[in-house]
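*Asks:* One structure is given below, represented as structure tokens, and several questions about it will come after.
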Amino acid sequence: MALLGAEYASSDEESSPPRQEPRKTAASTIIAAPEVSLDDPMRLQMMLAKPTDTDLTYNVPYADLTRPFQGPTNPFITTEGNALKRKNVLTGYAEEAAISDATFTNQHRTFQSRGYAQEPNANGALVGDLASAEKYGGRNIVQLKASRAKRQRQTKGDPSIVDGEGRYMGPWAKYQEDLQYEDEAALAEGELASDEEYIDESVAPVNMAPMSKAATNYQDDHSNQETTEFHGSSLIDYQGRSKLIHTWKHGTKPINALRFIPSTNHLLLSASADAKIKIFDVYRDRELLRTYSGHTKSVSDVNFNPSGTQFISGSYDRYMKIWDTETGACLSRFKSGAIPHCIKFNPSSPHEFLAGMSDKKIIQYDTRSGEMTQEYDHHLGPINTITFVDEDRRFITTSDDKSLRAWELNIPIPIKFIAEPHMFALTAAAPHPSGKSVCFQSGDNKIVVYAATDRFRQNRKKEFRGHNTSGYAVDIDLSANGDWVSSGDSGGWVCFWDYKTCKMHHKIRAGEGAITCVQWNRQTTSRVATAGLEGIIKYWD
């Protein structure tokens, strides 16, 4: 009607301006309940027939799968996702992260030792004990390796000046940090306000003139010059030999183990890759006394019982055999299915022995019943060494998994686990005669020392270097008094170190091939037996 009126309007109405009607604003709508589709209630009833069902009873259209959520809003869902995630592990929710094995091992050991680690998905954020992380600056276990700076001392001074500035201090010169502590203590206590309080007024200070350098010249003092004089007829024997005493020929194959008989050390037992074990006389005629045959493959290790009447051998034919030393009879045989790499009798219980196997296990046998009594299976690689410590109540094992574990005898749970990122496989071991430490041959061409007490910590001040052992299982041994450490070498050398100073004292050229076996004589303490890949045993003094 408005359009009709506008079309047939008169001329007077056209001349008058059109009337403007007030503009209406849209009223705001209030939704009291969320929008819920009720187009097909039958389909909704089919979908919610049984909330506990896990299978669909009809084919869901694609339109329903892509339809937005309907109904009340879940208050536990945030904009960042579901805050209350379900557990996928026993301790909570574990997220997947792609990191290298070295990084994971580094952070895992940092968390074990310091209590904190870096979260992989949080750009280096630390989790765990934040107080400990603040104390150590958030550094990992590799960055926390000890970097000991050398302590600075005062200058020794001039020997010609007795008193005053620049006076001679000599070995009594203090360290800089000690002087700093003394200065801080002096400032902290009011009694040390001035030096005048310490002047004894009854004794007048003496201002002595500096002594002349001629008065302190000790060049003519001969009290510290030692000399010696040889009174014998010749420094060498009639054949020109100075150190080598005797040589035994075991065979053409490499020798894997050398063992002196306990207590007397008058017999030397050798095990070779030719599957034979031989025993030699050391003191009298130095002849071959007996050959023990019975293994079909290379003999990996041999070990005497504490009395020396029997010894046990392990071979790559997977057999472990106990032999009578005197008669050569095989007393018993053991087989577990794996290759024994190292075998040790329990010194306190001669009827028990431990064997480190190629299948990552240490097994314990009772020779009286012939049965396995215990199995220790926490290592992740073949076993290299077994060493009894703490009066034979505990033992230490090393493996190709680059770790060291300490065990209580008859308890298959390790009491100490040591595995650092910088560690290499420990291939040989030798206990110190004092029983307080154990030396290990490390795969990075050095010998390291670990304590044999409760904490089993590494003595970082003792490392023996200068030889090459990479690629070979080179044996080590200590002298009877514990003053000397000896080791073979891949180049045919035998090296000797001073145990206290860790300095190499001497090297002997013992063969052309690698020297893998070294044994000290516990009775004649200056003599050493060596053997290697050439199949020749040499006896040195």
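The chain as shown is numbered from 1 upward.
Each Cβ is built from the backbone N, Cα and C atoms, and glycine gets one as well.
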*Asks:* Under TrEMBL, the annotation region 'Disordered' belongs to which of these stretches: 106-125, 146-165?
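*Replies:* From TrEMBL, the annotated region 'Disordered' range turns out to be 146-165.
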*Asks:* Can you dig out which of the ranges 1-28, 281-308, 365-392, 505-532 TrEMBL describes as region 'Disordered'?
*Replies:* 1-28
*Asks:* Six or more residues out from either end of the repeat 'WD' (376-410), which same-chain residues have a Cβ under 8 Å from its Cβ atoms?
*Replies:* 341-344, 346-349, 354-364, 416-419, 423-429, 431, 435, 438, 440, 450, 452-453, 456, 473
*Asks:* Per DSSP, what is the residue count of the repeat 'WD' (376-410) in each of helix, strand and coil?
*Replies:* 0 helix, 19 strand, 16 coil
*Asks:* Is it possible to list how many residues within the repeat 'WD' (292-333) are helical, extended or coil according to DSSP?
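*Replies:* The breakdown for the repeat 'WD' (292-333) reads 0 helix, 24 strand, 18 coil.
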